[in-house]
Structures are given as C-alpha cells and as structure tokens.
Amino acid sequence: MKGDTRHLNGEEDAGGREDSILVNGACSDQSSDSPPILEAIRTPEIRGRRSSSRLSKREVSSLLSYTQDLTGDGDGEDGDGSDTPVMPKLFRETRTRSESPAVRTRNNNSVSSRERHRPSPRSTRGRQGRNHVDESPVEFPATRSLRRRATASAGTPWPSPPSSYLTIDLTDDTEDTHGTPQSSSTPYARLAQDSQQGGMESPQVEADSGDGDSSEYQDGKEFGIGDLVWGKIKGFSWWPAMVVSWKATSKRQAMSGMRWVQWFGDGKFSEVSADKLVALGLFSQHFNLATFNKLVSYRKAMYHALEKARVRAGKTFPSSPGDSLEDQLKPMLEWAHGGFKPTGIEGLKPNNTQPVVNKSKVRRAGSRKLESRKYENKTRRRTADDSATSDYCPAPKRLKTNCYNNGKDRGDEDQSREQMASDVANNKSSLEDGCLSCGRKNPVSFHPLFEGGLCQTCRDRFLELFYMYDDDGYQSYCTVCCEGRELLLCSNTSCCRCFCVECLEVLVGTGTAAEAKLQEPWSCYMCLPQRCHGVLRRRKDWNVRLQAFFTSDTGLEYEAPKLYPAIPAARRRPIRVLSLFDGIATGYLVLKELGIKVGKYVASEVCEESIAVGTVKHEGNIKYVNDVRNITKKNIEEWGPFDLVIGGSPCNDLSNVNPARKGLYEGTGRLFFEFYHLLNYSRPKEGDDRPFFWMFENVVAMKVGDKRDISRFLECNPVMIDAIKVSAAHRARYFWGNLPGMNRPVIASKNDKLELQDCLEYNRIAKLKKVQTITTKSNSIKQGKNQLFPVVMNGKEDVLWCTELERIFGFPVHYTDVSNMGRGARQKLLGRSWSVPVIRHLFAPLKDYFACE
C-alpha cells in the first residue's frame, strides 16, 4: 500500500470542551479557564502508512503542563516515578494481531508497542473498534479515524483539542439542518486541595418538575429531560451526560433539534444536536477504554454517570469504606457492559421529571480563591484537573483577555492561516509577519525551520514538543506546527520528520496531501533539495536557527555567570567533583579521557547496577554516598570543598513523553531541588575566589513552565545540545551551568563515531546512518515507521548489540558488562546515561583550570 500517513485522533475528551458562541457564523473570542491535556495514543498501522491520535496544537503545550494534577487526585494508579505511565489494574489489554499481514497493532499496554490494529484510512473513514456496531445512530468523524495506541477492544477516541479559536461544529462531516450549536462552560480553575477534598463530588442533578417546561424538546427528536446519554461533538470523544432543561443552564432555550446536556464529571453545559446523542445504554459501543486508562476525569465521569444509572435502576453493589475509585467502578462497569441487567436500558429512564442543578449542593467558582493557570485565559477546555472541581456550579460566562495579549484587543491580530497564506502568495504580506503555525499576526519569535514566525502560544508548544519522539523514532507532532491530526511520515530512514495534512493543504497547496499519500517513497520538505514549496519555504540556515531558537528562549534575563580567568599551569591542581544522580560515572570517564587529574570524585547514586559499573570500571576511585536526599550540609563540608558539581535529576516526571508525569514539584521531579540546595552548600564561601563550576542536565521535551522554573532557581538559561552532532544517535538535552563556552558550537572530533556503521562489529552492515533516540525501552532500537531492524548480518536483520550501543553513546566497549547483567539491564543503564561526546564538549574548557596528566 502506498503513502505514509499518520492519522491523529482529533477526539477530545469532553473535559476538553471549548466555550464558543456563534454569532453570524463566527466564533466569538471566548477566554478559557481550564487548560487542555495532552493524551497521545498510537493506532494501527498499514504498511507504508501510519496513524496516530494526537492532540491539536494549542492544547498540546498546556495539556502536558497539568498531568501532575491529572494524576495527583489520590487515585494512586498514575504516578510512581516510572518511565512509563502506570495504567489502572482494572482493564489491562493484550495485543492482538490483525488477520492481515499488512496491518499491525500497537497498544500502549501490550507486550509489544510496535504493532497496531488499524483499518485502512482509505477504506474506512469512521472510527472503528472491535465492538463497533453498524446500527449505531452516530457517524464517526472522518478525519480522525484512527488512534495512537488504540485499544483493541472498543472504539476509543482520544483527545485531540482543536485550535483556541475553534467554532465547534457538531455535524461530524454530515449535514446538520438544525442550526449551529452553542457550548457553554464555566470559568473556573481548581485549587490543589480540590483534587484531594473534592473526592468524587460532582454537581448534583435532581428531579424537579417545577423547573421544567412541558413543551420543551417537542421537536420529534429523541431524548428528553433527564435522559442519560453519550454526547458527541466534532473533535471530541464520547462523554456521558444528562439532558437538562435550558433553565438549568442560565442560557436561552435550545434550538429545534438541539439538546442542552450537562456533562458528568465537571457539570459544564453544552448545546448538542440530538443526532449526536446516543443512549447511555449503548455502553460497550461508546465506552473508551484508552481514555479510561489515561484520564482521571474520565474515570470520575464514568463513576458519576453509572452512579446515577445505578440509583435509577435500583441496583446495589457491595462496597466498603476504604474502597478506591477503581474498586467502586469495577462492578459498575461490569454491570454496564453486561447490559444494565436486570432492568436493562428501560431502568435508566427518568420518571418524567425535570433534572436541575441542586443549588444547595454546589459551590460557585467565585466562592473561593482560584488557582492561577498559565493557560487559564487561553483555552476553555475540560482537562483532568476539572474533574476535581466537579462540585462547582457553572457560573455565567465572562470574556477574558488572552494571557499573551498584553491587554490589547486581539481582533486585529486574528486571522486564519489560509488568509495568511493567500496574502503571502499574492505578495500582500510577508511570511515573517504571521505565525506559520496558526496564522496569527504579530508573531513574537521566528520559526526555526521555515520562513515565518511563531506566536507566543505556538512558540511555547514548539519548545515543549519539537523534540518529543514516538516509539518508532518519528517526531510526535508536525514539524511545522507541532500538532496535526493526520501526519505524513518521511520515507528516508535517517529522517524523523513528519508533516500534517493541514499544513500541506494550506501552505503547500490544495491536493498536496492526497498526492503525497500516493507517493512511495515520500520525501519530506526537510529532505527535498528544493527549498520552496508553495509558501512553505525552508530556511537556508535552519540548523543554526534551530539551535538559536532553543537557546534564545530566555524567559527572564539573568546576570552573566562569573567568568574565572584561566589558571597558570604551575598553579593548577586536581579537580574535586560532586556528582549527583551519577548514573554510570560518565562524568568521571570524561574527565579521565580529557586527561584532567581527579583529586576526589564523590558520587550519589541509588541504582546498584550503576554503582557496580562505576566501581568496577574505575577501580574504586569513586566514593559512593547513596541517596541524594540523605546528604546534609555537614556532609558537604566533610567531603569538600568541591570544584565541580554536576547532575541530572530523573526526567520521568518532567518529560512530556510520560502522560502520567507529575511535574517539577511532585514525584521524582522534586529531586531537582535536592541538586539545587546541595549546589548552594558546595559554593565557595564569600571571599573565596577559587574557580567553581557546576552543570545540571535534563530533557528538552519538558513543560515550558518547568523549564523556566528550573532556570529561575539556577539563575541562568540553558543551552540545548543534540548528540546527533557528535554521535550516531539523536539525544537532545538541556544543560544549565557556568562552564566556560557552554553555548559555543558543537564540533565533532576525529575520534567521534558519527555514523552507525562506525559503531558496528565486524561483518555487520548498518541500514541507516543515524538512529533515533535510544531509551531504556527495547523497542527504541527499531527504526522508522515500519520498525525496521537497524543492522543486517549474514543476510539477516538484527538489533544493535550492547557493545554497539556503548559505542553509539561514546563509552568504551564492554563498559556496562559487569555483574552478569543481561542485555535489557545494560540498555537501561545506557538509556539513562549522558552522551560521552557531549559531556566531553562541555568539560573540555576545564583543562585550563585544573591539573592534567
């Protein structure tokens, strides 16, 4: 099959709903109070074509920033600091192979994440799952038919937020003659304590016929007041809701063919076409297992919906006071999947009464101090955080100024990307005058790869997600806009770029995406020799611009670090090092390779395998002091003084790749502060002018807010260095510090192995020059959209051997071959380590300050 496409699921959980008021067909600029969440899931793959469900652009950057709260609601299933998201034990899925050899399934929870079950994007345009029922009255959206890491048991649409200025279209690409829908949400944010104290509260809906109107919803359509339904609006996933009277919403009456619904979980209201509602009784066809596994908000919404159904059906379930949310949900879900027996769907119907919000059991957002959110004013979409505020009653909507607008009216700035492209094509404006990602005027930064700018929102998203890669090694999002719902993957095995259909259609030309799907192989616009394609024009100096883009994200300006003059050779002495989160002693290895004498090397490390490597390979010259959290100021004074403090705290709870991450202030993220206070303990006392250096490392794909907080504490901005410049593998990392010349260009030495073939053993042939980022996961070894083995030996494909992995990272051969460790354990050690050539580049200037051998 030709074509290399990746479908991104545009489904957004109902928690991601955006407020929109349609006036003469235009969407008013509604502010948003709740940030969106990023949930990336992968879907089945057809040979030559890949699909994945992604969030859309403006939600993605803020989305990831709140997973800390998403997983911190006390459910306990998410967040233990592991490098992979922890799924609930309730529904673990197993991978199933497709009957067709051209179709592969990949499931997030399965043993192998490289296989996906996916119907052909050309043969089916609807969302499909194993339990899809043709008789369902709802037509699934066409453009987001497939999901990343889709589950094999049910149609499981995944969140993919639309743009910040979205007009919610409820038609699902079908004709809708009932007018334009209106969605109403409440401006509120969640306090941190709400996630703990709010429990499973939600706005209580009770029967109150006095608030109803006997003539309401008399349009011949299904569903009346009080009916429990699944709600569907274009761009968002199925979410449980209850049909309510317009009087409960403090809004106008619904238009003919429309219904006001209140969403379970956060109590927001939306006006939805009756044709986009399905009875809650059709549970198995619309229950989203992938979303259930990922989102606390979805699980809570399920609990509230099934609790209401249970009460109506007179059903009881055994429970005990200590039961968790999952313990309570398990029998409920079994009951729902079993058809709500014994009463069935009939038992879920209301008693012809009008449900309204019980004012005595809810609190208005204005009744308590709201936690400020960076994206609070930018998008109004439900997130997992909102579920914790489910006991708030929706208050009247109010307009709020965009947080990046500096108080100006943005009416003159807003324009569509189509309009921008048209103006550029007609020489009415310049590409640099608009955001290449969304079209907004007056960008605040340049696009690093293509001519054009980036607005503040798109710039932050680009900073967070550009270096985020999937398990197959490709970028998680479009190279142009860092979002996209359907992505086309470059066929060049050494290229990791992908481009979304929207960017191709708007910037290159209408019909370009369709043509690209038919091309095999297809080369992306970073690989093609010509620079210009429509209004998409690759910069001549894109590689320099890319480096400058990440290093120019200053956020705040800090004083330049103190510069120490070089020490005369006769006065230089051995270096004394404190290494926190030492790993496999990369710092010590590099210092010895540079010929710098090491007077003492005190290392904090808790991994026994890492300690074994450092002890054996460096013959006991490293003093290990165990857990960094147990080191005191007195210890530093006893072990010191130190000339160099280095470290890189675990990235599990900082990396955007981990949907269950907790952020900088929870989980392993807070270990950064251990580095911070030990660094301060190690600094020379006032009046001591001896040279003192330090360096802190972490991932690039982190939340912009976390990055800037780290910079604020360390009082400097990071430099970004990708190991691809000095090795055979991608590995982009941020480095903070005061090492001399940290921001100088990275130049490979003659001994650096820049291509994979240079790293292989005898009689082994590399199938590509460079490999993607190697992580602790075994599937990171395979390359490309087809998950190819990178090596051929005696005519057979093979994975990389441990010795070859060591060469790629710059370590000596057999460096990790200690303590009878197996291949998997050795790869985990390497996957958490630093790239030796990069650290050598950073440490090289220290030769002017310390004695050398």
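Cβ from N, Cα, C; glycine included.
Looking up Ser202, Ser649 in Swiss-Prot for phosphoserine, the annotated residue turns out to be Ser202. The annotation in Swiss-Prot ties Asp582, Gly583, Ile584, Ala585, Thr586, Asp627, Val628, Arg629, Arg832, Ser833, Trp834 to S-adenosyl-L-methionine, and of the candidates under consideration, Glu605, Glu608, Glu609, Glu853, the one tied to the same site is Glu605. Cross-referencing Ser195, Ser367, Ser429 with Swiss-Prot, the residue annotated as phosphoserine turns out to be Ser195. When Lys361, Lys540, Lys617 are looked up in Swiss-Prot, the one carrying the note SUMO2 cross-link is Lys617; the rest have no such note there, which does not rule it out for them.
Long-range C-beta contacts of Thr586 (S-adenosyl-L-methionine binding site), restricted to its own chain and to partners at least six residues apart, with a cutoff below 8 Å, comprise Phe811, Ser833, Trp834, Val836, Ile839. For Ile584 (S-adenosyl-L-methionine binding site), the Cβ neighbour count at a 10 Å cut-off comes to 27, with all displayed protein chains included. Confidence in the domain 'SAM-dependent MTase C5-type' (575-853), given as mean pLDDT, stands at 90. Between the CA atoms of Asp627 (S-adenosyl-L-methionine binding site) and Lys617 (SUMO2 cross-link) there is a gap of 21 Å. If you measure from the Cα atom of Asp582 (S-adenosyl-L-methionine binding site) to that of Lys617 (SUMO2 cross-link), you get 14 Å. On the backbone, the CA of Ile584 (S-adenosyl-L-methionine binding site) and the CA of Lys617 (SUMO2 cross-link) stand 9 Å apart.
Taking every pair among Asp582, Gly583, Ile584, Ala585, Thr586, Glu605, Asp627, Val628, Arg629, Arg832, Ser833, Trp834, the residues recorded as binding S-adenosyl-L-methionine, the greatest CA to CA distance is 22 Å. Secondary structure counts, DSSP: the domain 'PWWP' (225-283) has 8 helix, 24 strand, 27 coil.
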